[in-house]
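**Student:** Below you'll find the structure I mean.
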Amino acid sequence: MSAAEHYLSDFRQGFYNFAMRGRHLDAYSAYKRVASKDHINAYDREESSGLVNAKGIGNPSWRHSLPHMLVATLSSFLFGYHLGVVNETLDSISMDLGFSGNPLAKGLVVSTCLGAAFFGSIFSGWILDGVGHRRAFQLCALPMIIGASMSATTKSLWGMLLGRIFVGTGMGIGPPVAAIYVSEISPAFIRGTFGSFTQIATCLGLMGSLFIGLPAKDIVGWWRVCFWVSTVPAAVLAVCMEFCAESPQWLFKRGRGTEAEAEFEKLLGAAHVKFAIAELSKSDRGDELEAVKFSQLLYGRHFKMVFIGSTIFALQQLSGINAVFYFSSTVFKSFGVPSDLANICVGIANLSGSVVAMILMDKLGRKVLLLGSFSGMAVAMGLQVTGASSYASGSGALSLSVGGMLLFVLMFSLGAGPVPSLLLSEILPGRIRAKAMSVCMAVHWVINFFVGLLFLPLLEQIGPIVLYTIFATFCLLAVIFVKRNVVETKGKSLQEIEIALIPPQ
């Protein structure tokens, strides 16, 4: 048995033991009962009753933490906006800046931003641990403002690329900080729903960039307005974070217990402060103030979760989803579908699936949504392969290709989009959460970079049938991986999960 398999085996067994504690069953019986949906639901109700109502005060009101969560999701809105801002405007940008007809230069405008996001994500964990969540959000907004302003005023390709580097740096910092912040300020019973808001904000950002970019074909220089617009939500994020709560977990981890209590009162209400602090104390192992070394994330007792998170993010990107977002206009245009109509349909499919995922996240759980999502994405890619083959022609090929792409986006937004970052922010222990999340997101950005850079050349060289088959294969591999290695976390506090999954040294 390899080291990775050994860690994963220990990981699954630890969680099963947690879920079945107090029940003296043999291993086979325990596995079968945990796999039963009815048993899981019954266990969740029992645990929720015992923990949340331990003092007879019920669940904390979600209204306390809602404004803080909404401000944080502005970073996700900006993330989505900058992912899609070059979709409608890329042709106009290339004509105005003199690189029209150069596919490599067009690819660089897209992928340079993603490469910079890799470096932003790498340092996001150290930034977050060093200055806290509120300042990290502000440091995310600042390069986005600078980079968007540079792109809006540039007269050359190099100026555009430099602006995209600044924007990409902010994009790399934002997602891990937002995922961790939302998970740490949200009550356990609604954490999945709040976590889904980050995906909805990303969808709204994508749709916003597509709608704002529509006049770019008819109005000369309109693409500059598209970049200027993005500075407004970035400035709002930076200012509003001054009035938001800091993560109580981050404060408690630094020995600032009194401040943590004050923030818990803002987020949960005064009646829940003592219980929340007691929960944090349970997971305190006495090593919170020790610096986390990078090597600790690559081996030892934490490796299994970093491995799982990195693999899920890698499979998410290898499914081909961002190739759809970046180049949907180009692909639909090849079938004679107006790009503006196609992009609106893609945005609606993405938003609709994200809203459904928000509703189901705390009902069905993270694992069920992931399995259904990746399975549906594989089917959708199969439809696109059929549409591109000789078995379909004319309107049939058009329906299969366009319908398959829209179904692919819909299924992605049901699970593969919102779940990975939420799941990782839940299963990673507090001591390494920020740095481990940054490593997992760095893997995401590396693969994202190469997908954005190589999608169009590969589409031309090997054709859509082979390329879409490869994407479908990765979706099926994701189903197998999730089935074997992902555990359910819905309804449990971050402290419960940490205590269960990380045994004492």
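A Cβ is built for glycine as well, from the same backbone N, Cα and C atoms used for every other residue.
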**Student:** Of 130-154, 305-329, which span is tagged transmembrane segment by TrEMBL?
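**Tutor:** Result: 305-329 is the stretch TrEMBL calls transmembrane segment.
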**Student:** Which stretch does TrEMBL mark as transmembrane segment, out of 18-42, 368-392?
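**Tutor:** It is 368-392 that TrEMBL describes as transmembrane segment.
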**Student:** Among 65-84, 225-244, indicate the range for which TrEMBL gives the feature transmembrane segment.
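**Tutor:** My reading of TrEMBL: the transmembrane segment range is 65-84.
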**Student:** Go through 104-128, 158-182, 194-216, 305-329, 368-392 and flag the stretch with the largest number of C-beta pairs under 8 Å relative to the transmembrane segment (398-424).
**Tutor:** 368-392
**Student:** Who are the long-range neighbours of the transmembrane segment (305-329) in its own chain, taking Cβ under 8 Å and residues 6 or more past its ends?
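**Tutor:** For the transmembrane segment (305-329), the sequence-distant neighbours (Cβ-Cβ under 8 Å, at least 6 residues beyond its ends) are 4, 7-8, 11, 83-84, 86-88, 90, 110, 206, 297-298, 339, 342-343, 346, 370, 374, 377, 381, 405, 408-409, 412, 416-417, 420, 423-424, 427-429, 436-437, 439-441, 443-444, 447-448, 451-452, 455-456, 467-468, 471, 474-475, 477-478, 481-482, 485-486, 501.
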